[in-house]
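J.: What Swiss-Prot records for this protein is below:
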- Glu163: active site, proton donor (ACT_SITE)
- 41-345: domain 'GH18' (DOMAIN)
- Asn29: N-linked glycosylation site (CARBOHYD)
- Asn89: N-linked glycosylation site (CARBOHYD)
- Asn316: N-linked glycosylation site (CARBOHYD)
- 1-27: signal peptide (SIGNAL)
Amino acid sequence: MAPLLNTGLVILPLIVSTLLGPMPAFAQNETCATKGKPAGKVLQGYWENWDGAKNGVHPPFGWTPIQDAQIRQHGYNVISAAFPVILPNGTALWEDGMDANVKVATPAEMCQAKAAGATIVMSIGGATAAIDLSSSSVADKFVSTIVPILKRYNFDGVDIDIEAGLSGSGTIGTLSTSQANLVRIIDGILAQMPSNFGLTMAPETAYVTGGSVTYGAIWGAYLPIIKKYADNGRLWWLNMQYYNGDMYGCSGDSYKAGTVEGFVAQTDCLNKGLVIQGTTIRVPYDKQVPGLPAQSGAGGGYMSPSLVGQAWDHYNGSLKGLMTWSINWDGSKGWTFGDNVKGRL
């Protein structure tokens, strides 16, 4: 990234503007303020930086610009941009070329989407964008390369969606190396961003309520990290993935994904507080944005619009919102998820 102009030269834009006329709108909107946590209910969807139509996953709706008006029209007011490339040494890349026709939004386009109502967070991780959490040097390299991207592209927050490499120590009060390095990453990012910069997390259920069965390895591995940021107020909300496998309640009880019963058991467990080795990890309803597949095929445990409505209505507006994988999947099948939830928020 090019260095900023010396403050002694700030008169230059005025001279250029005077000689050449007003600067074009795109030049004026390259930067925009961090928006902070949305005050109302949220419908959060993942935006894919690859083409799911071209590769045959979810035709006919594939990649779409992040400022596409359809996204907002169908209810999505929080966008999780997925995912940056992470090189083995921790270097983060956010660039065109995931597929031939795919382009990441320019800073001006990000501002355009935000001005239209979107809060945009960058989602880190996913099933294929792992980071080596065994190395503090890799963690530091990631922080040093992702922060300039977050600033340059006007992101409002980060979403932690790491699905590989995180493992618990077996003792809830002692962080493993991988847990400590994930905290190192989160703290490193938050320390360099505005105070209203957001943090969300989207772990699979095994990493959270799975800790009710046993604490160690992947089981419950997110719990001490969730507790740290829920307790200190930096966690906007939790997007636990209520899909892709059976789900556990607070007492080791098991539920099928895609059921209202399982949705309620998970949600109530987090609100009540999961007790692990005498430590309580609690995420109240107003910090829960449960994650569901947008359409059949997007993930195991798909819930029909009717079942989604039953699950949401059970809480009479207590939940912060709902998350879905993904905006692009929803667009491929008529936006039924977004339209259904939009009418209930």
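Each position is counted from 1, following the chain as shown.
From the backbone N, Cα and C atoms, a Cβ is placed for every residue, glycine too.
The structure displayed is predicted, hence computed values, not measured ones.
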J.: Who sits close to Asn89 (N-linked glycosylation site): which same-chain residues at least 6 apart have their Cβ under 8 Å from its Cβ?
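T.: Asn89 (N-linked glycosylation site) has long-range Cβ partners Val138, Lys141.
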J.: Please report the Cα separation of Asn29 (N-linked glycosylation site) and the residue listed as 'active site, proton donor' in Å, rounded to an integer.
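T.: Computed Cα spacing between Asn29 (N-linked glycosylation site) and the residue listed as 'active site, proton donor' is 35 Å.
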J.: Over the domain 'GH18' (41-345), what is the model's average pLDDT?
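T.: For the domain 'GH18' (41-345), the model's average pLDDT rounds to 96.
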J.: Taking the Cβ of Asn316 (N-linked glycosylation site) as centre, how many other Cβ atoms lie within 10 Å?
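T.: Counting Cβ neighbours of Asn316 (N-linked glycosylation site) within 10 Å gives 8.
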J.: The residue listed as 'active site, proton donor' to Asn316 (N-linked glycosylation site): how many Å between their Cα atoms?
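T.: Rounded to a whole number, the Cα-Cα distance is 31 Å.
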J.: Ten-angstrom check, please: count other Cβ atoms within 10 Å of the Cβ of Glu163 (active site, proton donor), all chains counted.
T.: 19
